[in-house]
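One structure below.
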Amino acid sequence: MSAEPVCSALPAIPYHKLADLRYLSRGASGTVSSARHADWRVQVAVKHLHIHSPLLDSERNDVLREAEILHKARFSYILPILGICNEPEFLGIVTEYMPNGSLNELLHRKIEYPDVPWPLRFRILHEIALGVNYLHNMNPPLLHHDLKTQNILLDNEFHVKIADFGLSKWRMMSLSQSRSSKSAPEGGTIVYMPPENYEPGQKARASVKHDIYSYAIIIWEVLSRKQPFEDVTNPLQIMYSVSQGHRPDTNEESLPFDIPHRALMISLIESGWAQNPDERPSFLKCLIELEPVLRTFEEITFLEAVIQLKKTKLQNASRTVHLSDKKKRELSPNIPVNSGPREESCGSSQLHKTSGSPGTSRSLSAPQDKDFLSAKTQDFSALHQCSVNHSRNSDFCVDCQVAFCDHRTAPCSLAIVNPLSAEGNSGRFQPGIAQQWIQSKREDIVSQMTEACLNQSLDALLSRDLIMKEDYELISTKPTRTSKVRQLLDTTDIQGEEFARVIVQKLKDNKQMGLQPYPEILVLSQSPSLNFFHNKSHKK
């Protein structure tokens with residue numbers, strides 16, 4: 001007998017309204033993506049459950065009830081839930097998008113954030129305590145039980161938004177659905193887990209003190225900007241050490257003497273991670289201790305700290321793009337950089353680039369270095385002596401992406417894409433032509449791609465070493481054709497242009513005419529391309 005469906009007060013958000021879904025991260029609670037709501041015209045975040053087999057109605061309702069509770073927890077320092085996407089093959093919570101990522105990124109990306117001012121660090125600690133204290137004061141109390149720096153998000157002004165609280169059923173379902181233990185960051189969670197929770201029988205008695213232990217670890221991490229137990233790789237070693245009473249060092253090396261209010265903060269840390277749960281303070285007591293500390297900083301210092309971080313972040317993003325551009329010119333000095341996608345034609349013997357100014361053109365040429373030809377992840381494109389190295393890794397600076405054209409054939413359409421076009425100076429690359437086309441046709445592809453076309457796409461990706469075994473299994477083990485196609489398209493968003501081109505080509509090969517017009521691209525197998533190139537060079 002199926003469970004009664006949950007009558008949710010949460011707004012229902014249809015999947016097709018979540019445009020431009022882009023993978024952000026994956027954790028114990030599911031996969032997080034960014035998206036743009038088609039009607040609201042704002043960026044949102046979507047946390048969706050890892051579903052490998054159909055959920056029972058009772059399981060789905062358990063998850064929806066949790067989401068309903070989270071929706072009621074409205075507070076300044078709690079991540080707002082905007083709605084639920086509840087469809088047969090997709091179950092996700094839609095929240096506000098946090099542009100400054102997580103506290104974990106702020107603390108440990110030291111190149112991006114070389115200095116995190118003390119006023120802001122203490123404000124963050126205070127706001128975490130305010131948020132968890134609010135949850136504990138709900139009726140009944142809402143316990144987080146997975147508090148860690150990855151779940152503390154930061155809005156545009158670096159204010160705290162606590163996420164992933166009250167998702168015990170969600171996490172349980174996600175973990176049971178997951179085929180790989182690696183998808184759950186157990187080591188990371190163990191660091192913040194109190195020792196009494198290593199023994200499941202002890203959980204009920206000590207549950208209200210779980211979050212304060214996690215908070216003590218977070219305080220240490222914020223003050224030191226180090227990973228707790230960073231030298232220990234085995235979670236079992238951490239569990240044994242902590243159960244014996246060991247904790248991260250509070251000596252001068254970890255917590256220097258120049259930390260403001262150092263003695264008070266160490267006292268708060270040590271009481272928070274006490275071995276006996278009954279000796280740990282409540283969050284209310286923590287707030288009483290922290291409020292005088294916050295008053296020692298003038299309001300202007302918080303504003304200055306935020307401006308400093310934003311300025312540093314923008315400068316580093318700009319420098320990254322500049323260095324990438326410089327490196328690209330050094331690697332391929334004769335290949336000009338375009339400002340965006342352009343359509344070109346190639347003639348019988350040489351390739352011309354149409355510049356931004358009408359009536360001007362330049363020949364493209366590139367070295368015949370065989371290292372370029374042997375690169376495993378290249379997106380091979382050329383004419384005669386032109387070859388371009390391409391990597392599927394989005395962090396690598398790609399020179400250029402072009403379609404290959406044989407001078408012995410008729411002129412063909414040639415797309416040149418500049419993957420260095422940054423979105424908002426963020427250093428993220430714009431998707432290529434095939435990726436853009438797939439994103440624009442996403443729902444049409446989901447409804448029209450046949451099982452045969454799907455299988456051919458997976459086989460082609462495997463033969464080109466473009467898909468990892470884990471991703472292949474994740475797609476192939478989905479219960480229905482549409483869920484397999486959705487997972488394939490999600491993977492395409494992550495893997496890049498070469499991956500996308502294979503899918504587009506297979507759709508064309510299978511005569512999926514309802515998806516026309518197709519983009520002008522050409523996918524080549526590696527060996528014919530290489531043979532053609534070598535034959536050309538030998539003939540010369």
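Glycine too: its Cβ is placed from the backbone N, Cα and C atoms.
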Among 86-112, 167-193, 248-274, 410-436, indicate the range for which Swiss-Prot gives the feature region 'Activation segment (AS)'. 167-193
Look up region 'Helix alphaC' in Swiss-Prot and report which of 56-64, 65-73, 155-163 it refers to. 65-73
Which of the listed recorded positions (Asp146, Tyr472) has the least company, meaning the fewest other Cβ atoms within 10 Å of its Cβ? Tyr472
